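Annotated in Swiss-Prot:
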CARBOHYD  ASN48  N-linked glycosylation site
CARBOHYD  ASN53  N-linked glycosylation site
CARBOHYD  ASN61  N-linked glycosylation site
CARBOHYD  ASN69  N-linked glycosylation site
CARBOHYD  ASN108  N-linked glycosylation site
CARBOHYD  ASN112  N-linked glycosylation site
CARBOHYD  ASN122  N-linked glycosylation site
CARBOHYD  ASN139  N-linked glycosylation site
CARBOHYD  ASN148  N-linked glycosylation site
SIGNAL    1-25  signal peptide
Amino acid sequence: MVMMLRTWRLLPMVLLAAYCYCVFGTCSIGTTTAPVEWKSPDRQIPKNITCANYSGTINGNVTFRGLQNKTEDFLHWLLGWGHKSICSFFPKLQGNYNEQHYRYEVANLTYNCTYNRLTLLNLTTENSGKYYFKREDANFTFYYSCYNLTVS
């Protein structure tokens, strides 16, 4: 009986691995650390910030989760320039109007955004690097979270 329970616990993981292998040929899942928001009194990225580690495969997708459920989340990537809003000011994708999905392309970076997650699409090795998300609360305090992406 105990052996049967252990087998049933592993079944979802085995099925997921088989599905990924059959559909994609490879399967890369994973964050190794959870993202944490870091308070920044001086509006700069904190020097002691810890990044959540994510990995992806070329031509695959990766989803950064754990973003604050606010429309003022911003993406600041060290690979490019400046601050860009990821969930505002861009044309809405055709489709389900109940979900706030947006898409924007710049410097080979394509993504879909909702209010609490960001999915990078069609990954290339150029997308590897650190991604910082900045949020400002009602008291004008800045918070940052960091994601370190490795694409191989």
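Every residue number used here counts from 1 along the chain in the order it is shown.
Cβ atoms are placed via backbone N, Cα and C, with glycine included.
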Least Cβ-crowded entry, counting other Cβ within 10 Å, from the glycosylation sites listed as ASN48, ASN61, ASN122: ASN48
Assigned element (helix, strand, coil) containing ASN122 (N-linked glycosylation site), judged by DSSP: coil
Neighbours of ASN61 (N-linked glycosylation site) among the glycosylation sites ASN48, ASN53, ASN122, ASN139, ASN148 (Cα to Cα, within 10 Å): ASN122
Mapped DSSP class for ASN148 (N-linked glycosylation site), helix or strand or coil: strand
List of residues, in chain order, with Cβ under 8 A from that of ASN148 (N-linked glycosylation site) and at least 6 apart: CYS51, ALA52, ASN53, TYR54, GLY129, LYS130, TYR131
Per-residue Cβ crowding (10 Å cut-off), top of glycosylation sites ASN53, ASN112: ASN112
